[in-house]
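Engineer: What follows is a structure written as structure tokens; I'll ask about it next.
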Amino acid sequence: MHDLYRPVLDLIQGVAREVMMPRFRKLAADQFAEKSPGDFVTIVDRESEARLSEALGRLLPEARIIGEEAAAADPSIVDRVGDGVAWIIDPLDGTNNFTAGHGPFAIMVGLAVDGEREAGWIYDPVIDRIVHAARGRGCFIDGERVTARRSDGPPKAAIATYFMPEDRQADVRRRAEGVLEIVDIPRCAGEQYPRLILGANDIALFEKTHPWDHAAGALMLEEAGGMIARDNGTPYRLADPRHGAIAAGSPEMWALARAVLFD
């Protein structure tokens, strides 16, 4: 585990306990708004990010803070994700689920140095699950080291087909027929990555890769033996959020997904 595992976990759990869960299923009408069609932001996102940013800044004063809500106000901060030490924060991943009154949702924190992912924390307060990884030290769920395993039956691919143009939807379903079972996405990267590690899903296709959505989970997947890369096989990097990625529980499963969905 990373040397900062416990202080970061204590911080995340405190924010979940004091800021997030008291408002779960209790949001007032003036406590959430639609940033863009189908994409919500809540008072919890903002208060959680403020608390996390302040406390993480004390833990590592030399680190820059890159939070989802701060980036919404100033997109240029993402351009500096590869400069020095950075905390990367998703204060409420799965905001739409939270707003609708159901899970999954999570707090996600990543630590990067010069653009390389070094550690990650994903905390799901509904089921009280912590997933953690540190580069070269493995992936842990609730303190137990884990390796990625595959599902039973045909490989399960979590693909948000409803975000795709109709012709791409039809193409994906045609390609997957008889090879992959397309399953619903959780609309929460903080749940999708654990699903890949635990074998609930084998493959996930991400259309965009904002650093706050993937800094923590991508490292966890890799440390558990899985793989994430661009569809052309180039490694996933924090500094290029405009392009999508394929994530899978093993390199072999990644190669299958690439061949089926893109060749």
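Cβ coordinates are placed from backbone N, Cα and C, and glycine is handled just like the others.
Since the structure is predicted, the reported quantities are computational estimates derived from the model, not experimental observations.
The Mg(2+) 1 binding site annotation in TrEMBL covers E68, L92, D213. Per TrEMBL, the feature Mg(2+) 2 binding site maps to D90, D93.
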Engineer: How many Å lie between the Cα of E68 (Mg(2+) 1 binding site) and the Cα of D93 (Mg(2+) 2 binding site)?
Structural biologist: 9
Engineer: List, in sequence order, the residues of the same chain other than E68, L92, D213 whose Cβ lies within 8 Å of the centroid of the Cβ atoms of the recorded Mg(2+) 1 site.
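Structural biologist: Residues close to the Mg(2+) 1 site, other than E68, L92, D213: D45, I89, D90, P91, D93, T95, M108, H210, W212.
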Engineer: Counting across all protein chains present, how many other Cβ atoms fall within 10 Å of the Cβ of L92 (Mg(2+) 1 binding site)?
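Structural biologist: Total other Cβ atoms inside 10 Å, all chains included: 31.
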Engineer: Once the DSSP letters are reduced so that anything not helix or strand counts as coil, what is L92 (Mg(2+) 1 binding site)?
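Structural biologist: DSSP assigns L92 (Mg(2+) 1 binding site) to strand.
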Engineer: Near D213 (Mg(2+) 1 binding site), which residues of its chain come within a Cβ-Cβ distance under 8 Å, counting only those 6 or more away in sequence?
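Structural biologist: Long-range Cβ contacts: D90, D93, M108, A189, F206.
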Engineer: Given the binding-site residues E68, D90, D93, which one is most crowded in terms of C-beta atoms within 10 angstroms?
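Structural biologist: Of the binding-site residues E68, D90, D93, the highest Cβ count within 10 Å belongs to D90.
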